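Below are the structure tokens for one structure; questions will follow.
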Amino acid sequence: MILFLLVFCIVFFCIYSYFNLLIFKQLSDLSKVFDNANNGTDVKFSSPDETANYFWISRIARGKRLYYFEELNGLGNNLVHPRSVNAVGGKIVPGSFLGMIIIYGFLAKIFGLWVVPYLTPFFSVLGIVFFYLLIKEIFQKKTISLLAAMLLSFIPPWLYYSSRGMYHNILFMSLLIMGIYELFYIFGTGHIKSFKFKVLNFNLILNSLILKYFLYFFVGLLIGLAIITRTAEIVWVGVTVIFIFALHFKKIHWPGFFLFLCGLYLPALILMYHNQILYGQVISAGYRSIIPEGGVGEMVDSWVLWQILITPFGFDLKLILVNSFNYLYNFLPYWSAPVVVGAFLFLVLPSKSIQINYKKRIIYFAYCLLLTAYLLIFYGSWSITDRIDQANLSLGTSYVRYWLPIYIVSMPFLAAFILQSSNFLISNHFKFKIVYRAALVFAMIILFFMPSLNLTVHKTDESLFLLKGLSEVRIKSAIINEIVLANDITVLYKQADKIFFPERKKIIVDLVAPADYEALARLIKLRNIYYYTFAPASTVEFISRRDFEPHGMKIMDGKKILGHDWIYKIICNK
């Protein structure tokens, strides 16, 4: 069974890698893209987060620092920076979690940038294999474990983000699944066997105690790496780990537990080191500063800690309900409805029928409910508009990847639905019932696979065949690079960031307060400033009169780039 799963994962590794290569660049140009002499500016992604992550990864791979200085931000009120990065103390620094940047950057430094498109597919299939092992370790049921792992490989959120390798989510979940499995393995096996092998004619023996120490440390390391990959998930990850230790309290090997803490601390130490250099605080993040000016005491007293850990986007019950219905049911009804039925069967069927211990089922179901409730509260109150047209139920919307853990933990329920359906439809009186049931299970898998593949690959404008859209981005970028020089500044709408960055780093995406326009008026005396927009000329003229002319500037001399996009010159009007 494990051999079948490995072959299955190799196939999906090839699928994930193919789409990653498509998104990185047309296949014929890959040698140019990953040439170490190249600055990575040939690579264009469909989102600013992906672009920024690859930019920082490529800097680490080339031995550069994880920041660069922008001399204009002193006069420019820290406005001059690409969309998915931050300006802190004159430095341009990552605007997201650092874990993936550090891990992938380290691996790319060893193997070369060519390895980057394959890293997320590699960790993805590792996650699938270890998900199978984890479910088998929990429920001691191979069939439901294999089926759950197979379903995970092509559920749209997992398939989509395995094929868009510059997002954190697949790496985070794979590292976590691996760590959780190893933790269950330590507690679940009666003993860990010793190993004996030869190195240069010397017999080396790793006894069971040494291996147990190593596993404890390795579990801590994996979970620590997962946490620094998506630090925002630290609460539910921490509660999950504590819950597992509590369930197996009598089995804890305390010297090993100390090594677990050491392994957990090592990634945290690396993160705090970079945080201090980049953000000036050991406890910080690219998205926001975590500790207020008054320190930790003020953070606790003012309930800031509660807000950060539980409700960072506020609490809006109506929005939570709307978003959860949209993305946990309405978005993928052909998955969600069977999951609900499967969860019911998983909970109520007698152990003789489903062949899983009832206590384990209750504990797992309760854990899934608590995890779902927490993630819905944590992210559900956020009104996310990732697209210009603000289209609802979008495949690339952040909810899909933020709620990826919910989709993952529901896979055993879907597997239970498929297995119980086959048992119900194929009676025990059939002569070849095993063959018929296997055929029915295979047919049901295909029924889930085909619409999932269609949605993920080409059904929407955010599906994986994005070469047309990315080719348009490259054409626009080439035209702009002929007009805008490297030292010029461009004011643009935030979704256009991917057209300019990383070739043109002097970008302004936020002009909000009068002070921002005053800063722009100071910058115009030093550099050429352009205005990039998709708005019609009449709207641009109105914006110029309303926002720019009161501060002594004017938008003029428009030039069409491609489609609806135009670039204008901002001039001093005094």
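For all residues, glycine too, the Cβ spot is worked out from N, Cα and C.
Straight out of TrEMBL:
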TRANSMEM  6-24  transmembrane segment
TRANSMEM  118-135  transmembrane segment
TRANSMEM  144-161  transmembrane segment
TRANSMEM  167-188  transmembrane segment
TRANSMEM  209-228  transmembrane segment
TRANSMEM  234-249  transmembrane segment
TRANSMEM  256-274  transmembrane segment
TRANSMEM  331-350  transmembrane segment
TRANSMEM  362-382  transmembrane segment
TRANSMEM  402-422  transmembrane segment
TRANSMEM  434-453  transmembrane segment
Counting Cβ pairs under 8 Å that are 6 or more apart in sequence, does the total for the transmembrane segment (209-228) and the transmembrane segment (256-274) reach three or more?
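When sequence-distant Cβ pairs are counted, the transmembrane segment (256-274) touches the transmembrane segment (209-228), since at least 3 lie under 8 Å.
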Restricting to CB pairs under 8 Å, which listed stretch, 144-161, 167-188, 331-350, is in contact most with the transmembrane segment (362-382)?
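Answer is 331-350, with the largest number of Cβ pairs below 8 Å.
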Please check if the transmembrane segment (234-249) comes into contact with the transmembrane segment (331-350), where contact means 3 or more CB pairs closer than 8 Å and the residues in each pair are separated by 6 or more positions.
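Output no: the transmembrane segment (234-249) is apart from the transmembrane segment (331-350).
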Six or more residues out from either end of the transmembrane segment (434-453), which same-chain residues have a Cβ under 8 Å from its Cβ atoms?
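Non-local partners: 147, 150-151, 154-156, 159, 334-335, 414, 418-419, 421-423, 425-426.
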Report the listed stretch (6-24, 118-135, 167-188, 331-350) having the maximum count of Cβ pairs within less than 8 Å of the transmembrane segment (144-161).
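It is 118-135, which has the most Cβ pairs under 8 Å.
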When you scan the chain for residues with a C-beta under 8 Å from the transmembrane segment (6-24), skipping those not six or more beyond its ends, what do you find?
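For the transmembrane segment (6-24), the nonlocal Cβ contacts are 30, 33, 43, 45-46, 116-118, 120-122, 124-125, 128-129, 150, 153-154, 159, 162-165, 457, 464-467, 470.
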